[in-house]
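For reference, the structure discussed in these notes is given below.
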Amino acid sequence: MEELSADEIRRRRLARLAGGQTSQPTTPLTSPQRENPPGPPIAASAPGPSQSLGLNVHNMTPATSPIGAAGVAHRSQSSEGVSSLSSSPSNSLETQSQSLSRSQSMDIDGVSCEKSMSQVDVDSGIENMEVDENDRREKRSLSDKEPSSGPEVSEEQALQLVCKIFRVSWKDRDRDVIFLSSLSAQFKQNPKEVFSDFKDLIGQILMEVLMMSTQTRDENPFASLTATSQPIATAARSPDRNLMLNTGSSSGTSPMFCNMGSFSTSSLSSLGASGGASNWDSYSDHFTIETCKETDMLNYLIECFDRVGIEEKKAPKMCSQPAVSQLLSNIRSQCISHTALVLQGSLTQPRSLQQPSFLVPYMLCRNLPYGFIQELVRTTHQDEEVFKQIFIPILQGLALAAKECSLESDYFKYPLMALGELCETKFGKTHPMCNLVASLPLWLPKSLSPGSGRELQRLSYLGAFFSFSVFAEDDAKVVEKYFSGPAITLENTRVVSQSLQHYLELGRQELFKILHSILLNGETREAALSYMAALVNANMKKAQMQADDRLVSTDGFMLNLLWVLQQLSTKIKLETVDPTYIFHPRCRITLPNDETRINATMEDVNERLTELYGDQPPFSEPKFPTECFFLTLHAHHLSILPSCRRYIRRLRAIRELNRTVEDLKNNESQWKDSPLATRHREMLKRCKTQLKKLVRCKACADAGLLDESFLRRCLNFYGLLIQLMLRILDPAYPDVTLPLNSEVPKVFAALPEFYVEDVAEFLFFIVQYSPQVLYEPCTQDIVMFLVVMLCNQNYIRNPYLVAKLVEVMFMTNPSVQPRTQKFFEMIENHPLSTKLLVPSLMKFYTDVEHTGATSEFYDKFTIRYHISTIFKSLWQNIAHHGTFMEEFNSGKQFVRYINMLINDTTFLLDESLESLKRIHEVQEEMKNKEQWDQLPRDQQQARQSQLAQDERVSRSYLALATETVDMFHLLTKQVQKPFLRPELGPRLAAMLNFNLQQLCGPKCRDLKVENPEKYGFEPKKLLDQLTDIYLQLDCARFAKAIADDQRSYSKELFEEVISKMRKAGIKSTIAIEKFKLLAEKVEEIVAKNARAEIDYSDAPDEFRDPLMDTLMTDPVRLPSGTVMDRSIILRHLLNSPTDPFNRQMLTESMLEPVPELKEQIQAWMREKQSSDH
C-alpha cells in the first residue's frame, strides 16, 4: 500500500470532521501531559470522502486566522451572553456577531441545552461511553426543529467560535484573552500541520492553558481575564443562588473569579428573636473555594463549559447545524474530561480519596452550569477506578458539610440538594451515583456498641443528611437563633414556626429524592431497604417509656426518616400488602422476643408461625409494597409517638415549674425574713431560668411536631393501618357487622399490641393539640375501628389498651374538647354503635375493677370517670337512650354497674371530705400566726407539704366523686328497681346516710376551707344531689333500708338536713316537704324495729354465714361445699366473680339452694320469737 503524504493525511482528517461524525472511538486515550504544546499529529486517519464545509486548513494562514486580540475581545457589559460570529476575519467579534445575527434567527431555543450531554473526547484519558439510541433520536429531533436558514459555518468562523469560548489567541496578546505561545509558534512554523481536526485543536488549547496555569503565580494565564458571563461571578446575584464564594485575595488571583463575599441574609434569619448575624465561620470551610492552581483550572473549565450553553442560546439555529453542534459537543466533552484530570490531580499532583474534592464548594454554592455535574458522571462512570477517585471525595465532602450545617440558616439544604442531584443522575436504567453511595464502607456500618441507633446516625453515610432537626435537644443553635430574644411574641413564634416547617419540608423533599433514587435503581434497592430496616431495628429501644437518648437516634432524625417513608408509602394499595409479613421468616423487622401481642402469648405466636410457614418452604419473597408499608408503620412507632410523649412530658414540667414559681411568689411574705430566704430566692431564680429554657424548647417542638401537613400524613397512614386490621377482623369490610365472631382471628391476635395502642396515642395527641387535623377522608375508618374495638373488648387482652380507646372517645367529647364535637357525633351516630356501645362500656366499667396491675385500685377511678362522662353525652342521644333503658331493665350487668357506682362514691366522697378536713386544720393553724410561728421550722415545712398533698388529692378525688354522684343522680331519676335489690339497697342507703352525716352532722364545720371552688368543692350542690337521690328512690323498701342503717342514720341528722336546705334555699318547699315525709316514714320503721327487736346472737354456728358471721336467711351451697347466705355471696360476686374461700371462678348460676337448712333456720327463728314474747 502506497504511503500517504502528510497533506493527504490532513485532507482526509478534515473531510472526516466535515462529515459530522456520530460516533467516537471507544479506546481510551490519554491527553499528553507535557509542558510544551502538542506537536503535529503522527497517526494517519482512514481515507474518507472529502466534503466541503469550508473548514479546510489549507486556506488558513496566520494572517487570515481569527486569532488576534480583537477576534476574541468581549465587551465588558457582555455578561448576559456571547453573540454569534460572522465570517469576516478582519473585524472584531462584536462586529462579526452583528453580521452573523442578521442571517440567523435569534430566538432562544430552550432545548439547546440538551445538546450538552455529549461523548467524551479521546484525549481525556477516560473511557468513552456509548450514547443511548434514545439520546441520538432526541438530538436528531431537536436538530430538525430549527433547520438552518443561513449559510453553513466556515472553518474560519468555527475557529473564531473556539477562540471565543476558550478566550484564547495565538496571534496577539491582550488582557481579555490568554495568549498561547506554543500554539502560536506552531502556526507560524507550519499552519497546515498544527492540528488534525477540531478535537485535536481543542485538546491542544486546553492542555496548553492548563499547563500554563501550573507555572508560578507570576505567570498565571487567567490574571488578564475580566469577569463576563461566568456563573461563578453571577451566582451571588442570582435570586436562587444566594451564596457567594470565598476565593481569598491575592495579587495573583484572576479578577474573573469572585473574591471574598458573604452569604446573603436568609429570610428566615430576620424572623429570629435574637436577630444575630449568620454564623459564616461554621460553614466557610465547605462553602469556600480554595485559592490554588487546581481551582484556577476548574474555574476556567467551568466557564468554558458555560459559554457553550450561552452560544447555543444566543444562536440556536447556527448551533443546530451538525458541524457546529458536534464542535460544541466536543468542547463540552473536553472541558469535562480535563476537569476529571484536574480532580484526579493528573495535571498537578495525584490526590488520595481522603483529600477533599475541589468541586464540593461549587456544588454547595449551586453555581455549576446546567448539566456539568451530570456530564461528569456520564463521562467517568464506566471507568470504576476513575469514577471512585473523582466522586468518593465529593461524597465525603458533602457528608462533612451536611454534618456541620444546621437549621439555624438555610445553608443546610445545599448538601442535600447536591447529593439529590447526583443520585438522580440516570443513564438508561442505571443510577451510577446510587451504586457508588451504596457501595461505600459506611453505607451500613456494623454496630460496635449497645447504642446502635445513635451509631447509625453518626457513622452511616446518609446519617449526616438525615440529622437536621428543629428540636432544641438535637440542635441548640436553632433555639438560640430564633427563640432566645428578650420578648418572644406569639405572632413572632407562629411566623418562625411556619418558616422552620417550610425549611423542614424542603430538606425532607431532598431526602426523599435521594432515597427514592436509590430504591429506583435496581442494583441498590436491596441496600436501601436494608438500611431503612437497620435504622428501625437499631432504634427499637426508642419506644420504651424511659429510653436512654444516648443509645438511640434523635427525634429529628427519626421524624425525617418517617417523612421519607410516608412519601414512599403514599401510593401503596392495601390489596398488595401482606398482613402476615411480620411473621414472615424473611421479615426485615426484628421484634423483641418479649413484644406484647394484642391477644396472644409467645406460644400462640409460635404456633401461628408454624401454621403459616412450617410446611411451605420455599417461602415467597415479600414484595416491596409490603416491606415499605411495615417499615413505615414501625417508623411511626419509633418517631412520632416518642416525640409526642416527650412533648407532653415537657408541658407537664412547664406546668409544675409554673406552679412552683407561683407558690414561691405567693408565699414570699412568709419566707423573705426567714433564715431560708436566700435559699428560696436562689430556688426562684433557678426555676425561672429553667422555665424560660423549657418554654423555648417547647417553641422549637411546636415547629417540629405541630406541623399540620405532617400530622395529616401520619393520620392518613394510621387510617391505612386501621383498614388493614379491619380487613383481618372482618373480610367483608367495609360491610362490618357486630358482634364479631367470638373466636379472635389468629393473625389479629398475634399482631404487636402497639399497632392498636399507637393509633389511640396518636389520636389522643392530635385531639389535644391539633384537633383541626382530625377531619380527613380516613376519619370514617377511624370511627369504625374505635366502635368495633370498644364493642368487642374480648379481642384485646390488655384492659389498659381498651382504657386508652375509651380515653380517646372521652377526649373527643364536646364537654372536654369542643373542637371535636363532629368526631364524637360520628361515633355516637355510627350504625354499629347504637346497640352495643352502651352495654360494652357498662361491662368495661365493672371489668376494670380488676386489671392485674398493682395500681388497679386507683386506675379504675379515672377510667370510670371517662366512661361516666361518655354516658352523660350518649344519654342525650335518642338512638342510645333506648339502649340505656333496655340495659337498665335487663338485670345482671346493670346491677354490677350500680354496685361499682356505690363502691366508688363511698370511697371517693370519703377521701375527698377527709382531705378537706385536713386542709381546714392546717389553714386554721396558719391563721393563728402567733401559734404558727412557734412551731419548729421543719414542722412548718412538713405541715405545708402535707397541705399541698391534700390539696392535690382533694382536687382529683372531688372531680371523680362529682362525676360519680352526677351519674347516680341521673340513673336514679330514670330507673329505681335495680337500686332496691337486697344486695344493693342497704349498702346504697348506708352510703347516702354517711355522706349526709359528713355534710350536715356535728363535724360539718371541719369541711369549711378557704376558696372551696379551688378544689371543686360545692357543698350545696352535693347536698342537693344526695337528697334528690333519696326522693327519687322514695318507697317503703328504701325507707326500711335507711332505717336499718344503725351506723349513720339518726332522726336528728334528717332534721338538720331539712333545716339547712330551708336556710340555704337548696330545694323548693314542695321538695323539702317530700323529704320530711320520707324522714317520718323512716322514723316509724325505726320505732317498729325497736319494738320487735329480737337477739339472734346465740344462733348455732351452722346457721351463721361464715363470711359475715350473721344469721342466714337464704342459705346456698357453693361448688366448694361452703354454705353462705345468698345476699352476702351475691354482694361479693358483684365485686369479684370468685369463691371468697378458694378464689375459683364463681357465678350466681353455680349457687345451689339448701332448702332443708333454710327451713331449720326459719323454725329456729319462730321458736326464738315465741320464747321472747
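From the backbone N, Cα and C atoms, a Cβ is placed for every residue, glycine too.
Taken from Swiss-Prot, the feature compositional bias 'Low complexity' covers 16-33 (among others).
Residues or ranges marked as compositional bias 'Polar residues' in Swiss-Prot: 51-64.
The feature compositional bias 'Low complexity' is assigned by Swiss-Prot to 76-99 (among others).
The compositional bias 'Basic and acidic residues' annotation in Swiss-Prot covers 134-147.
Same-chain residues lying 6+ beyond the ends of the compositional bias 'Low complexity' (937-948) with a Cβ under 8 Å from its Cβ atoms: 663, 674-676, 918-919, 922-923, 925. The compositional bias 'Low complexity' annotation in Swiss-Prot covers 937-948 (among others).
According to Swiss-Prot, the domain 'U-box' annotation covers 1098-1171.
Sequence annotations record features per position, and here Swiss-Prot assigns N-acetylmethionine to M1 based on similarity to another entry.
The feature phosphoserine is assigned by Swiss-Prot to S23 (among others), with similarity to another entry given as support.
Look at Swiss-Prot and you will find S31 (among others) tagged as phosphoserine, backed by a large-scale study or a structure entry.
For S84 (among others), the entry in Swiss-Prot reads phosphoserine, with the evidence type similarity to another entry.
Annotation source Swiss-Prot lists phosphoserine at S88 (among others).
For S101 (among others), the entry in Swiss-Prot reads phosphoserine, with the evidence type a large-scale study or a structure entry.
Taken from Swiss-Prot, the feature phosphoserine covers S105 (among others).
What Swiss-Prot records for S124 (among others) is phosphoserine, and it gives similarity to another entry as the kind of evidence.
If you look up Swiss-Prot, you'll see S238 (among others) marked as phosphoserine, on the strength of similarity to another entry.
Cβ environment of S674 (phosphoserine): R937 lie under 8 Å away, each six or more residues apart in the same chain. DSSP classifies S674 (phosphoserine) as coil under the three-state reduction. Swiss-Prot lists S674 (among others) with the feature phosphoserine.
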Taking every protein chain in this structure into account, which of the modified residues S840, S1136 has the most other Cβ atoms within 10 Å of its Cβ?
S840
For a three-state summary based on DSSP, what are the helix, strand and coil counts in the compositional bias 'Low complexity' (937-948)?
12 helix, 0 strand, 0 coil
S1136 (phosphoserine) to S840 (phosphoserine): how many Å between their Cα atoms?
18
Secondary structure content, the domain 'U-box' (1098-1171) (per DSSP, counts of residues):
33 helix, 12 strand, 29 coil
Assigned element (helix, strand, coil) containing S840 (phosphoserine), judged by DSSP:
helix
Roughly where does the domain 'U-box' (1098-1171) sit in mean pLDDT, to the nearest integer?
89
